[in-house]
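Colleague: This is the feature table in TrEMBL:
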- 9-27: transmembrane segment (TRANSMEM)
- 39-58: transmembrane segment (TRANSMEM)
- 78-100: transmembrane segment (TRANSMEM)
- 116-139: transmembrane segment (TRANSMEM)
- 192-211: transmembrane segment (TRANSMEM)
- 231-251: transmembrane segment (TRANSMEM)
- 274-297: transmembrane segment (TRANSMEM)
- 318-345: transmembrane segment (TRANSMEM)
- 351-373: transmembrane segment (TRANSMEM)
- 385-404: transmembrane segment (TRANSMEM)
- 410-432: transmembrane segment (TRANSMEM)
- 444-464: transmembrane segment (TRANSMEM)
Amino acid sequence: MFKKLLSETVIYGGTTILTRLVSYALVPLHTGVFKVDDYGIVSLFFTYIVFFNVVYTYGMETAFFRFSNLKGENKEKVFNQIMTSLLFTSVLFSGIGIYFSQNIAEALGYSNAQHYVVWIFMLIAIDAIVSVPFAKLRLEKKATLFASYKIVNVLIMFGLNYFFLLTCPSILKGESFSSLKPFVESFYDPNLGYGYVFLANLIANSTYLLMFVKDWLRLKFVYDKELYSKILNYGLPLVISGLAFAVNEVADRQLLFSWLPDGFYAEGDGEYAVGVYSACYKLSIFITMSVMAFKYAAEPFFFARAGEKNSKNQLSIIMRYFVIVLAMMYVGILANVDWIAPILIRKPEYLVGLNVVPILLMANIFLGIYYNLAIWYKLTDKTRYGAVISTIGALITISINFILIPKYGYFGSAIATFSAYGSMMVISYLLGQKHYPVPYTTKNSLIHLFVAVVLGYVCFFEISAGTLGLILKNGIVAVYILGTLFIEKKKLQNLQISN
């Protein structure tokens, strides 16, 4: 049972690592090609995508997992009903957005960005439409196929980014493949600049429509009023939850851009600050990848086993080792950030924000724990609590950013993210123990988090860079990991026997 979860997590994890590494390999390209301000604009546009993705899917992915596992419900009918709804609303929403694309571009302050707005609305529609087919693959335990689709997509996106941002300009300048210059001139517009980032994403994600062609051919448009009503009642509170959560996830960049006082940083304005903050935020890649991989595997696992007698004990065991692994990663990343950061972030002007990394890493650990805890309101059909918790987190994000950005700049945004995710984690734990009590080993988890913070602080702030320092830091990491494995040895052996 746990082996199955572990194997799927490894597959999703390997896929997530590969796709994210390829995606993050674009960071050196983007930070090398774009000015800090332009990179900040790209980051801002992607924050809008996060918000719209929530609206476009309106909780249907989670609803699909829930209703497909309910006794008496036909999985195929549930899939058809949800897809009918998503197709209709995605076309409607994006049609409206494209029609008013110029107005939207002007409202955002980028009147020459209409093309980008059109591409973004098309991109969001595709993401929404394929979200449930991807959920279906997870439900059917087709992790390998899921992985294949994601890998193909990210490789196409990676190739197109390099083609548009490096190869085409090089050809136009006569630096390479000069014989192709007339061909490139026929379609390439250098003035689009960072717009090619959005176009590359759109083309790559369009391939998903071809990958799921079998699902489209089998799809039947249905409308079952009773079923659809139940699905919406379950899913719609997740829209509020998702929007509030999106505020927690990306609003820090929007608020940093808007609320940073003029002249706060001598090097640049709000777009500069967003660029630095976004680049340093990406150093939490390894934590976010692990959390995402676990979520992909665990969500269908939890829904499928919700009715089993020992399901709560399973949740407790999974949480215990989830926290332990993330704590180890926290120390390991901070011990090696001196050489990791220059690889992912090529320009030294971005490295001035590295002090936010320990805070953002722990914030994302809190987020991972929250994801794990949040299963209680999904299994009990009390999704409205998810909306309340995420809204509280959003209010904390906005309030602390409002107070701290004028004083501390992007460091204040990092503190706001840490506070929001930490609060959501605690509130979800307390409410979950009331409505769906799980015997979590809370004391053990708190000890590991505390030890990780102390060791991470020592590695990041107290030990100098250089070869000797790197050896010493990784020696600390090794001792922590080996010590933890020794302490957990008996429990792991018992777990292996029971498994």
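Cβ from N, Cα, C; glycine included.
TrEMBL does not curate its annotations; it predicts them automatically.
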Colleague: May I ask you to check whether the transmembrane segment (39-58) and the transmembrane segment (116-139) make contact, with contact taken as at least three Cβ pairs under 8 Å and only pairs 6 or more apart in sequence counted?
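Modeller: With 3 or more qualifying Cβ pairs, these stretches touch.
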Colleague: Other than its close neighbours in sequence, what residues sit by the transmembrane segment (351-373), given a CB gap under 8 Å and a spacing of at least six beyond its ends?
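Modeller: Distal contacts: 267, 276-277, 279-281, 283-284, 287-288, 290-291, 294-295, 298, 315, 318-319, 322-323, 326-327, 330, 333-334, 337, 341-342, 345, 410-411, 413-415, 417-418, 420-422, 424-425, 428-429, 432, 445, 449, 453, 456-457, 460.
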Colleague: Which residues of the chain, 6 or more past the ends of the transmembrane segment (78-100), have a CB below 8 A from one of its CBs?
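Modeller: Long-range Cβ neighbours of the transmembrane segment (78-100): 52, 55-58, 60, 63-64, 67-68, 117-118, 121-122, 124-125, 128-129, 131-133, 136, 215, 219-224, 227-228, 231.
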Colleague: Under 8 Å, at least three CB pairs between the transmembrane segment (318-345) and the transmembrane segment (192-211) (pairs 6 or more apart)?
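Modeller: No, the stretches stay apart by this measure.
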Colleague: Residues of the same chain, at least six outside the transmembrane segment (192-211), with any C-beta under 8 angstroms of its C-beta?
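Modeller: Contacts of the transmembrane segment (192-211) (Cβ under 8 Å, skipping residues fewer than 6 from its ends): 30, 34, 38-39, 41-42, 45, 113, 115-116, 119-120, 122-123, 126-127, 129-130, 149, 152-154, 156-157, 160-161, 164-165.
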Colleague: Count the Cβ pairs between the transmembrane segment (410-432) and the transmembrane segment (274-297) that lie under 8 angstroms and are 6 or more residues apart in sequence, then report whether there are at least 3.
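Modeller: These two segments touch.
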Colleague: Are there residues at least 6 beyond the ends of the transmembrane segment (116-139) whose Cβ is under 8 Å from a Cβ of it, and what are they?
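Modeller: 45, 48-49, 52-53, 56-57, 60-61, 64-65, 68, 75, 79, 82-83, 86-87, 89-91, 93-94, 97-98, 101-102, 104-105, 108, 110, 145-146, 149, 195, 198-199, 201-202, 205-206, 208-209, 212, 215, 296-297, 299-300.
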